[in-house]
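Taken from TrEMBL, the feature transmembrane segment covers 63-85, 92-111, 179-199, 206-227, 239-260. Per TrEMBL, compositional bias 'Basic and acidic residues' is recorded for 262-271. If you look up TrEMBL, you'll see 262-287 marked as region 'Disordered'. For 275-286, the entry in TrEMBL reads compositional bias 'Low complexity'.
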Amino acid sequence: MGQEDLMNTAEDVADQFLRVTKQYLPHLARLCLISTFLEDGIRMWFQWNEQRDYIEATWNCGYFLATCFVLLNLIGQLGGCVLILSRNFVQYACFGLFGIIALQTVAYSILWDLKFLMRNLALGGGLLLLLAESRSEGKSMFAGVPSMGESSPKQYMQLGGRVLLVLMFMTLLHFDSSFFSILQNMVGTALIILVAIGFKTKLAALTLVVWLLAINVYFNAFWTIPAYKPMHDFLKYDFFQTTSVIGGLLLVVALGPGGVSMDEKKERVPELDQSEGSSSRGGSSEAQQRLRVTLLHASTTDAHKLASGSFISLQTNSALLY
């Protein structure tokens with residue numbers, strides 16, 4: 001009973017937070033989500049020569065192709081961020097950023113580094129959620145048109161986004177025997193499973209946002225490292241990539257888990273029961289109405305028979321008298 005009260009209290013706090021921040025939360029989520037692309041695009045500008053030389057030396061592709069690679073990353077990322085923030089051509093911007101993620105995964109050999117690959121996939125999950133949000137906004141423009149419910153593509157994009165987002169937390173698990181690490185792994189694993197299956201989704205995602213924000217500020221404090229040290233760039237990269245995953249989780253908090261989730265199924269069951277109850281009540285009323293009509297018809301028929309019988313008896317008696 002105590003655990004149930006605690007869970008209900010936590011859900012009430014989360015609902016109150018959503019009511020207060022519902023006008024600002026989607027905007028904050030989008031800003032956090034694109035932060036890593038924004039930072040990387042700006043870095044391409046300020047480290048133009050270094051990035052070009054790295055690509056040229058790694059792939060031996062020549063000066064021209066290396067320059068094209070850097071230019072494509074700069075324009076693609078900054079342009080996509082501007083489109084998303086301005087709410088114009090969001091779907092095209094998301095597809096463009098998907099392409100940037102795939103290009104960088106190959107160019108920087110992230111494909112063979114499991115930790116960075118999982119983080120890139122988690123970043124792609126955030127973009128899937130943003131793409132689902134843009135589809136929802138497109139449908140809301142035709143508010144007067146009847147709808148048969150959410151479209152399957154949007155539902156499965158939200159499911160895929162949730163599943164990919166939890167990959168970020170797989171990279172944060174620590175496999176050692178200390179009590180704090182074991183507790184952190186247990187709590188974190190429970191929360192990411194809840195988000196993945198869509199159970200108590202908003203509360204679990206909001207808890208993960210707080211946890212991940214604390215870890216990000218503590219472990220990726222790049223501002224404490226001098227800019228000329230390589231560790232500064234590594235921590236800065238991790239910080240903004242983690243911030244983007246936080247943005248994806250904030251989208252889950254703001255928009256909900258979608259149709260393919262346990263929360264959605266729990267909400268549909270009472271509605272089905274209520275509609276079945278209404279149908280049964282309607283059926284009972286109709287049956288009662290039919291019964292009343294039948295009884296009324298039977299009464300009328302009996303009265304008619306009785307009147308006919310009385311009239312015949314009267315005629316018979318009159319005949320006998322004469």
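Each Cβ is built from the backbone N, Cα and C atoms, and glycine gets one as well.
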Checklist line | Intrachain neighbours beyond the transmembrane segment (239-260), with Cβ under 8 angstroms and 6 or more residues off its ends | finding: 18, 22, 25-26, 28-40, 119, 122-123, 125-126, 129-130, 132-133, 136, 149-150, 152, 154-159, 161-162, 165, 168, 195, 198, 201-202, 205-206, 208-209, 212-213, 215-216, 220-222
Checklist line | Stretch with greatest number of CB pairs under 8 Å, the transmembrane segment (92-111) reference, 63-85, 179-199, 206-227 candidates | finding: 63-85
